[in-house]
Each structure stands twice: as C-alpha cells, then as structure tokens.
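Asks: Taken from Swiss-Prot, the feature Zn(2+) binding site applies to C7, C10, C44, C45.
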Amino acid sequence: MIFPIRCFSCGAVISEVYEEYRTRLKNGENPEEILNDLEVKKYCCRRMFASHRLDNDRELFDDIVEYK
C-alpha cells in the first residue's frame, strides 16, 4: 500500500527518506547500503523498507487502484 509515515513499532518518522531510498534502489544499489547511508539503523524501521513492495517501480497501491 502507501508507504507509512512512521514505523509501526517504534513510531520514528521514516517517510522523509523514502523517495531517496526508492530512487537509489531503482538505480541498482544494494538496499542494505542505502539504509546504512540514510542512517536507518533500527531493525523495525529497516523492516518497513524491506517489506514494502516495489515491482518495476510500481507500488502495490498502483495495482489496487486499477480495480476500484
């Protein structure tokens, strides 16, 4: 779905680095290195990025909207 503003577990704001993460991921960088560079250190916050679906630069939300 839409990327959350805050981590579900600890409540830290994570959405402010999402666009850079997405851009760098699309350029073929390693997700672990991107999160390290963006200083996303907590496991719960890293999980939010790792579990968010991006397929060919399309989010799950883009697929669901087609069926409204």
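Heads up, residue numbers simply count up from 1 along the chain you see.
Glycine too: its Cβ is placed from the backbone N, Cα and C atoms.
Give me the local environment of each listed feature.
Replies: Proximity of C44 (Zn(2+) binding site) to non-local residues of its own chain (separation of 6 or more, Cβ distance below 8 Å) is seen for C7, F8, S9, C10, given in sequence order.
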Asks: What's the most sparsely packed of the binding-site residues C7, C45, counting other C-beta atoms within 10 A?
Replies: C7
Asks: Which are the residues of the chain, C7, C10, C44, C45 excluded, whose CB is within 8 A of where the CB atoms of the Zn(2+) site average out, their centroid?
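Replies: Along the chain, the qualifying residues are R6, F8, S9, G11, A12, I14, K42, Y43, R46, R47, M48.
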Asks: Kindly assign C44 (Zn(2+) binding site) to one of the three DSSP-derived states: helix, strand or coil.
Replies: helix
Asks: Please give me the CB contact count at 10 A for C10 (Zn(2+) binding site), counting all chains in the structure.
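Replies: Counting Cβ neighbours of C10 (Zn(2+) binding site) within 10 Å gives 12.
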